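Engineer: Sharing a structure below in structure tokens format, with a few things to ask.
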């Protein structure tokens, strides 16, 4: 019988004086009589209610509803309900290709805004693409290829209006460091390029699979705290690696650790080039200065956006005028569009495992950054971004890119911020950017011949400087010390050991924190807040008072096999401490433990068995154990298990107040 907040009975049962309805009323009357006898003076009388289980469901229906909540919490098919077949086909086309959704309403006014934004981010994407490719130990032209094809694909499949797609620093660093451990790009450039394309393909497969299978929550295992530390450490490592270009060093260490890099800088001091140092420091100061100008005055966003390309042009002119004076240059770059690279994908041999591992690592990082950036700007502009669709879009983009001489790409925060500030309205800004890159590939490549490597190093340092979030780390220390320790551990792991170790530490700490919260859930001793019928944590509400001979314990977590034993031990410890306190104060001992289960969202068979066993142990000691306010799914499982037989309906209450009021002994607040 389903009962909500009051006792409902059948009229026939009441008149006949038998049946479940009459029994429920009799039980209710008996409880209310006990309550009137037990309630001390000054306490509010409480009306008792029956705790009811949810409506019974078949196993298939219950399983279907549970799977739907896990994999389809956003109900993506709701828009197809009650629609004609033709309309469903149109909606399906718009769902998988969002460009058909907003493209029908596209106008010349929107094109004007997107064209300005696209050209603006192209001025940033071209120098960054060349720079990030060198960061991944790839030929500079690969960075431009990766700024042409992927943005076009994302414009068709992506759901974010503001995301600007292209190579990013962290994914480039991770790919370069992981592949370099097995293959030296200087000695085996073709094999290294094959592994880079193969890793990109596997990254795309992994990303698209997560989106298609609705498993995007896996990416969330990288907590914000660990990402803050990892990104900060990676930014420092990236900046230190650029000392090779800033100082003009030719023979530089291939290791990524802080100690190895600084030792190499000191040992190779004889290779330092003063011309390179002067140019690098000057342009680095200009780039950082323009960044500060745009940060302080958002209307001047174009200053920092145009600074990299302007610096490339100016440094190229200077390098041309000073050629032969020891400044290292990029050299010849091939002209033309992306050549096909499907024949360079490697699916057999001893290096496939390395490509898969690198692809998964870079895939996770690029997904995390891309989705976070997309959701950030979507919240600013008040529209929704479907995380699973974004994963599929980014995955397909990388799979297609690996067949067109591109490496891992995703949404870049710096380019997306410029895109947003420049007034982009749709994903057409990515198409405009790709068009500008195409013009560069076809006609302007000879102009980059004298571009100095030092300016690329300065651009990279400027781009990653914003990833060092000191304020975020300080906030973590203030709010959560465990999160701060996770942040520092990931930071030091990247800085002192390697990027892979730092990422492993970040993932490991995130998983450890989850396991810690699951296996050691929070429990509290609760007391009555005077003047109310509410029982709250005595640690949080100092005015709350104990109600002898009751011990009220709140469990603030689901009860699983991993924590059921701990919860029993913790409750028994509370009992021991309460009895010792009562003995010292010469008060009566505990006669009833009330377990507040309002925060217990789920329970498994191990948890049910633990409750039943604890009740049997307490019964031998003459102490009652009652349950209060279980949620629907927990109530359903209790009534279908040994707990229902062990406790009975007279030991499961609507609230803590009713559990106290229904007890046969007198409460003494």
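Placed from the backbone N, Cα and C atoms, the Cβ positions cover glycine too.
Reproduced below are the annotations present in TrEMBL:
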- 140-157: transmembrane segment (TRANSMEM)
- 191-215: transmembrane segment (TRANSMEM)
- 272-288: transmembrane segment (TRANSMEM)
- 341-367: transmembrane segment (TRANSMEM)
- 427-448: transmembrane segment (TRANSMEM)
- 454-472: transmembrane segment (TRANSMEM)
- 484-512: transmembrane segment (TRANSMEM)
- 540-663: domain 'STAS' (DOMAIN)
Engineer: Taking residues 6+ outside the transmembrane segment (341-367), which of them lie with a CB under 8 Å of any CB in it?
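Structural biologist: Those are 168, 170-171, 174-175, 178-179, 182-183, 191, 193-195, 197-207, 210, 219, 222, 391, 394-395, 398, 402-405, 408-410, 500, 503, in sequence order.
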Engineer: Could you pull out which residues elsewhere in the chain have a CB under 8 Å from any CB of the transmembrane segment (191-215), counting only those six or more residues past its ends?
Structural biologist: 71-72, 136-139, 142, 175, 179-180, 182-185, 341, 344-347, 351-352, 354-356, 358-360, 362-364, 366-367, 387-403, 405-408
Engineer: For the domain 'STAS' (540-663), provide the mean pLDDT of the predicted model.
Structural biologist: 90
